[in-house]
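According to TrEMBL, the protein carries these features:
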type	residues	note
TRANSMEM	12-37	transmembrane segment
TRANSMEM	57-79	transmembrane segment
TRANSMEM	100-123	transmembrane segment
TRANSMEM	129-150	transmembrane segment
TRANSMEM	255-273	transmembrane segment
TRANSMEM	285-304	transmembrane segment
TRANSMEM	355-379	transmembrane segment
Amino acid sequence: MTPREASQAPLEFGGPLGVTAMLLLLPATMFHLLLAARSGPARLLGPPAYLPGLEELWSPRVLLLLFIWLGLQVALYLLPARKVAEGLELKDKSRLRYPINGFQALVLTAVLVGLGVSAGLPLGALPGMLLPMAFATTLTSFIFSLLLYAKALAAPVSALAPGGNSGNHIYDFFLGRELNPRLGSFDFKYFCELRPGLIGWVIINLALLMQEAELRGSPSLAMCLVNGFQLLYVGDALWYEESVLTTMDIIHDGFGFMLAFGDLAWVPFTYSLQAQFLLYHPQPLGLPMALLICFIKAIGYYIFRGANSQKNTFRKNPSDPSVAGLETIPTATGRQLLVSGWWGMVRHPNYLGDLIMALAWSLPCGISHLLPYFYLLYFTALLVHREARDEQQCLRKYGRAWQEYCKRVPYRILPYVY
Ligand SMILES: NC(=O)C1=CN([C@@H]2O[C@H](COP(=O)(O)OP(=O)(O)OC[C@H]3O[C@@H](n4cnc5c(N)ncnc54)[C@H](OP(=O)(O)O)[C@@H]3O)[C@@H](O)[C@H]2O)C=CC1
Ligand SMILES: CC(C)=CCC[C@@H](C)[C@H]1CC=C2C3=C(CC[C@@]21C)[C@@]1(C)CC[C@H](O)C(C)(C)[C@@H]1CC3
């Protein structure tokens, strides 16, 4: 790219040095967590009990399994959809079209896995394959991101993301140069964000539950709660699939290593950490505590769903009766900002609900180890950073109206605290 073409967008994630560190640290952290979960002490901090050799990580059979999985999800994505949604307007004033059939893909995957298991598919063997599977997925994400980078070299300037075109190769490879890389109508980012990793996560959880039942006669209450809560989260994401079209990932971020690795490897292998931990470290959980945890999950889900649906309904149709009575601030762009309802409580009520749910996912693992709380810690850091990125974008987009909103709603995520 010539310097003239390089975008002037401010560098994020600590610039080239920061993203180089993340390129190495993210996969290293994922493998550390996988090893720690199966080790006796299950320490989050401190060195792993051992370092696996290449023969433990590399398996052509597992790579083939991964490709079968990706192929299956591509096939389900290509099935006729109940609806085709339009994305937000792009720089060149066009709108992309997206199939809405993610929930259907989840149900069909469940049916296929169910049929497979009843025909003797050894799903309980999956937990023993997590290390080589994570290795194959990391390698695939890396090669995939290189291909995306190469593809973006031929993309028109209007197709590039605002952030991933600094001219620094490593930085742009990490953030992603092209906003919506596609092959025909197949959208790589949209597909990866919601399908193979997210559905793979619940399949890994289920495999861990089945393995626990094989080892101990029946699945534990803690394992059932973790499975149920995370299945609800994934089911919700796919049921409300259309709302992903207005997230930062789709409308702002390019598709590079961060999202490719995040979607395909990080989500299934680290988000299943609580279930991995429970397989190797069974935790007693009484009914009263289980009910309390369900209550916490329900509060988190109520806030998360309420806030996301309220904003999505408002953005789609501000005169919808469920949002028409809410107080708003007009902006110079013609759009309005909500200042009452969920979005009048804090500036990111959906993050608050998501964090409360994250707590409920860890609590069934007891309080003897820090490891199952990794997701809560990582997610807090991710959302605090994401919130700061979003606020900068909103300030650029809405100027004074955003400043007025910040004055009216002073707290970001947690009322009276942050
Ligand atoms: N589990 C996980 O790993 C992750 C989960 N998430 C979840 O994904 C969901 C989406 O998050 P994300 O994409 O970060 O952002 P949001 O859904 O919070 O969207 C932010 C956008 O909403 C609009 N907005 C902000 N304030 C208002 C307001 N007062 N009134 C109307 N519109 C407003 C602005 O866009 P505009 O005005 O242009 O519409 C802003 O850019 C969240 O629930 C989050 O918790 C996110 C990251 C990771
Ligand atoms: C540290 C690292 C590897 C960064 C990459 C971050 C990604 C893992 C996340 C960025 C935004 C995400 C979203 C979801 C999953 C995690 C990633 C990809 C999401 C699909 C989870 C389900 C939710 O309901 C959601 C659809 C709102 C959400 C969208 C953002």
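Placement of Cβ uses the backbone N, Cα and C atoms for every residue, glycine included.
Curation does not apply to TrEMBL; its annotations are automatic.
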Check: For the transmembrane segment (57-79), which stretch among 100-123, 129-150, 255-273, 285-304, 355-379 has the most Cβ pairs under 8 A?
Finding: 129-150
Notebook entry, point to check: Sequence-remote contacts (6 or more beyond its ends) of the transmembrane segment (255-273), Cβ cut-off under 8 Å?
Noted result: 19, 22-23, 26-27, 29-30, 33-34, 37, 130, 133-134, 137-138, 140-142, 144-145, 148-149, 161, 164, 172-181, 188-189, 192-193, 196-198, 200-201, 204-205, 208, 230, 249, 371-372, 374-375, 378
Next item on the list: Return yes if the transmembrane segment (285-304) and the transmembrane segment (355-379) have at least 3 CB pairs under 8 Å (sequence gap of 6 or more), otherwise no.
Entry: yes
Check: List, by number or range, the same-chain residues at least 6 past the transmembrane segment (100-123) whose CB is under 8 A from its CB atoms?
Finding: 72-73, 76-77, 79-85, 194-195, 199, 202-203, 206-207, 210, 234-235, 237-239, 241-242
Next item on the list: Give residue numbers and ranges for long-range contacts of the transmembrane segment (12-37): same chain, 6 or more residues beyond its ends, CB-CB under 8 A.
Entry: 43-44, 48-50, 52, 130-131, 134-135, 138, 163, 166, 168, 170-171, 174-175, 257-258, 261-262, 265-266, 269-270, 273, 276-277, 280, 371, 374, 389
